[in-house]
Amino acid sequence: MLSVRVAAAVARALPRRAGLVSKNALGSSFVGARNLHASNTRLQKTGTAEMSSILEERILGADTSVDLEETGRVLSIGDGIARVHGLRNVQAEEMVEFSSGLKGMSLNLEPDNVGVVVFGNDKLIKEGDVVKRTGAIVDVPVGEELLGRVVDALGNAIDGKGPIGSKTRRRVGLKAPGIIPRISVREPMQTGIKAVDSLVPIGRGQRELIIGDRQTGKTSIAIDTIINQKRFNDGTDEKKKLYCIYVAIGQKRSTVAQLVKRLTDADAMKYTIVVSATASDAAPLQYLAPYSGCSMGEYFRDNGKHALIIYDDLSKQAVAYRQMSLLLRRPPGREAYPGDVFYLHSRLLERAAKMNDSFGGGSLTALPVIETQAGDVSAYIPTNVISITDGQIFLETELFYKGIRPAINVGLSVSRVGSAAQTRAMKQVAGTMKLELAQYREVAAFAQFGSDLDAATQQLLSRGVRLTELLKQGQYSPMAIEEQVAVIYAGVRGYLDKLEPSKITKFENAFLSHVISQHQSLLGNIRSDGKISEQSDAKLKEIVTNFLAGFEP
């Protein structure tokens with residue numbers, strides 16, 4: 001083969017019309033042909049080696065993984081509920097994704113189909129669309145990056161301030177802490193509202209229900225509580241700080257916007273997260289929002305911090321859950337609610353807890369709100385939530401329209417565990433006040449029928465009227481605990497018994513201004529000691545007496 005190629009090369013090198021070829025010319029042609037063949041051989045060897053290395057690299061770097069997805073198809077869609085065929089291995093409460101990009105959650109796992117609730121507008125889904133599993137249970141972003149933001153039930157920002165920067169996510173349906181990690185409530189959660197902090201005190205880790213008819217001031221108590229935490233969050237002591245989560249369920253968008261503006265004006269948004277599932281959102285989002293907010297609060301609790309979560313209100317969550325359950329063909333029970341509506345709220349509220357020091361010592365306090373119809377607390381949802389929580393603040397329409405605001409019914413309101421967390425100073429001044437007010441309400445009902453009352457009854461009525469006036473408080477004006485103690489001291493010790501009831505509010509404003517400007521050291525002692533010492537008691541008595549002597553109503 002080699003000789004043939006050499007001969008061909010020599011022939012090409014010879015002149016075409018050569019008569020006689022010299023030996024030198026023939027020799028040089030042969031040498032040139034041999035050199036050409038050697039260079040070609042070297043090129044072939046180099047190309048083969050390079051090709052082999054490229055192929056080897058590609059084989060070693062090839063992605064051998066196979067991307068498998070379990071999919072199903074929509075059988076029917078309507079009223080926010082999709083019936084999906086396939087998805088045989090889907091989990092309960094797993095997130096699924098429709099071909100339109102919408103997300104949903106599998107709730108009903110039936111033999112031949114899966115009932116999926118849609119998180120959004122079901123008009124974007126049609127029969128026959130592909131649905132794929134995500135393999136993930138519904139989760140939301142958590143962390144301090146959410147503070148100051150307004151998010152929807154899935155944790156997506158809806159305040160126009162860009163995406164959430166949180167890298168931590170947490171499942172929305174986590175189990176509540178067990179018995180061992182918990183410890184009894186022992187630290188006060190101050191609302192800044194005199195009537196609450198003195199009569200129905202709340203502790204960190206407690207669940208205190210706010211219940212009443214519409215337009216009786218339920219949300220106002222919650223918002224005042226958030227605003228009052230500014231005095232603690234402005235400090236540097238992490239143990240005193242209280243991060244707040246407000247969950248708006250089924251409210252008007254304008255109402256949520258006003259609330260966010262109010263918190264922003266009070267400089268309270270910097271430590272608050274607002275989770276909004278408004279009336280125009282799908283029922284599944286209204287159902288999910290409280291659990292999403294709770295997961296955000298649990299992040300603080302489990303990291304040794306303190307958080308407060310307000311569910312406003314759980315009546316609307318129960319209605320959304322009833323709607324979903326009936327559309328999923330689950331059997332209805334009392335008031336058409338499904339049989340597990342108690343579990344709906346208990347598994348949510350049990351996640352509020354005070355953790356012991358081995359588990360970080362954090363806490364999550366819950367203030368659920370329930371709206372009653374015509375003051376009926378014996379309805380299904382109110383009785384359920386009353387039995388789950390550690391007490392309730394009961395607001396009455398009648399008191400509200402009488403001008404007693406906050407319109408708290410002292411007789412029906414109770415805090416089952418909060419007294420252990422109440423500051424000693426407040427216990428010293430307000431210990432007898434609840435009994436006095438309850439007796440006053442009872443006697444006042446009979447006093448209108450008779451005029452000849454004995455001196456003790458007249459004294460009880462006189463004191464009750466003045467204490468009721470003293471507990472009135474304007475909206476968005478929470479008070480520090482030491483200021484509350486100073487004002488209530490004047491009332492329960494009888495210094496205001498001679499003052500006209502109509503002058504009580506004026507006295508309170510003037511007295512507080514005087515104490516704050518002239519006796520800051522006394523307030524500081526009460527705040528730091530947590531109690532009224534003998535010296536502080538004597539000083540308070542002197543201040544009240546001297547102020548009343550010069551007070552001109």
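Just so it is clear, glycine is given a Cβ too, placed from its N, Cα and C backbone atoms.
As annotated by Swiss-Prot, transit peptide applies to 1-43.
DSSP assigns Ser76 (phosphoserine) to a strand in the three-state reduction. Residues or ranges marked as phosphoserine by Swiss-Prot: Ser76 (among others).
Taking the Cβ of Lys126 (N6-acetyllysine) as reference, residues of its chain lying under 8 Å away and at least six apart in sequence are, in sequence order, Val74, Ile77. Here Swiss-Prot flags Lys126 (among others) as N6-acetyllysine.
What Swiss-Prot lists as N6-acetyllysine is Lys132 (among others), and the listing cites a large-scale study or a structure entry. The C-beta environment of Lys132 (N6-acetyllysine), restricted to residues of the same chain at least 6 apart in sequence and closer than 8 Å, consists of Glu69, Glu70, Thr71, Gly72, Val96, Glu97.
Residues annotated as N6-succinyllysine in Swiss-Prot, with a large-scale study or a structure entry given as evidence: Lys167 (among others). In sequence order, Gly143 constitute the residues six or more apart from Lys167 (N6-succinyllysine) in its chain with CB-CB distances below 8 Å.
Under the DSSP three-state reduction, Ser184 (phosphoserine) is assigned to coil, being neither helix nor strand. Annotation for Ser184 (phosphoserine): spatial neighbours Lys354, Val417, Ala420, criterion Cβ-Cβ under 8 Å with sequence separation of six or more. Taken from Swiss-Prot, the feature phosphoserine covers Ser184 (among others).
The omega-N-methylarginine annotation in Swiss-Prot covers Arg204 and is backed by a large-scale study or a structure entry. Sequence-distant contacts of Arg204 (omega-N-methylarginine), defined by Cβ-Cβ distance under 8 angstroms and a gap of at least six in the same chain, are Val185, Glu187, Pro188, Met189, Leu242, His306, Lys354, Ser363, Thr365, Ala421.
In the three-state DSSP assignment, the secondary structure recorded for Ser220 (ATP binding site) is helix. Feature annotation from Swiss-Prot assigns ATP binding site to Gln215, Gly217, Lys218, Thr219, Ser220, Gln473, Gln475.
For Thr219, Asp312, the entry in Swiss-Prot reads Mg(2+) binding site. The Cβ of Thr219 (ATP binding site) has 19 neighbouring Cβ atoms from other residues within 10 Å, across all protein chains displayed.
Lys239 (N6-succinyllysine) falls within neither a helix nor a strand when secondary structure is assigned with DSSP, and so counts as coil. Summarising the annotation, Swiss-Prot assigns N6-succinyllysine to Lys239 (among others) and lists a large-scale study or a structure entry as the type of evidence.
Counted within 10 Å of its Cβ, the other Cβ atoms near Lys261 (N6-acetyllysine) come to 11, all protein chains included. Mapped onto three states, the DSSP output places Lys261 (N6-acetyllysine) in helix. The N6-acetyllysine annotation in Swiss-Prot covers Lys261 (among others) and rests on a large-scale study or a structure entry.
In this view, Ser413 (site 'Required for activity') is surrounded by 22 other Cβ atoms within 10 Å of its Cβ, with every protein chain counted. Classification of Ser413 (site 'Required for activity') by DSSP places it in coil, neither helical nor stranded. The site 'Required for activity' annotation in Swiss-Prot covers Ser413, and the record cites similarity to another entry as its basis.
The N6-succinyllysine annotation in Swiss-Prot covers Lys498 (among others), and the record cites a large-scale study or a structure entry as its basis. Under DSSP, Lys498 (N6-succinyllysine) is assigned to coil, being neither helix nor strand in the three-state scheme. In sequence order, no residues are near Lys498 (N6-succinyllysine), counting only same-chain partners six or more apart with C-beta under 8 A.
Lys531 (N6-acetyllysine) falls outside any helix or strand according to DSSP and counts as coil. Within 10 Å of the C-beta atom of Lys531 (N6-acetyllysine) sit 16 other C-beta atoms, taking all shown protein chains into account. According to Swiss-Prot, the feature N6-acetyllysine maps to Lys531 (among others), an assignment based on a large-scale study or a structure entry.
For the recorded site, Lys539 (N6-acetyllysine), the DSSP three-state label reads helix. Residues or ranges marked as N6-acetyllysine in Swiss-Prot (evidence: a large-scale study or a structure entry): Lys539 (among others).
Other C-beta atoms found within 10 angstroms of the C-beta of Lys539 (N6-acetyllysine) number 17, with every protein chain shown included. Residues annotated as N6-succinyllysine in Swiss-Prot: Lys539 (among others).
With the fewest other Cβ atoms inside 10 Å of its Cβ, the least crowded of the binding-site residues Ser220, Gln473, Gln475 in this structure is Gln475. Lys126 (N6-acetyllysine) falls within neither a helix nor a strand when secondary structure is assigned with DSSP, and so counts as coil. Nearest Cα neighbour of Gln215 (ATP binding site) among the listed recorded positions (Lys239, Asp312, Ser413, Lys531): Asp312. DSSP assigns Lys132 (N6-acetyllysine) to a strand.
Just so you know, the Cβ of Asp312 (Mg(2+) binding site) picks up 26 other Cβ atoms within 10 Å once every protein chain is counted.
Burial estimate for the recorded positions (Lys218, Lys239): highest at Lys218, by number of other CB atoms within 10 Å. For the recorded positions Ser76, Lys239, Ser413, Lys539, a Cα-Cα cutoff of 10 angstroms around Thr219 (ATP binding site) retains nothing.
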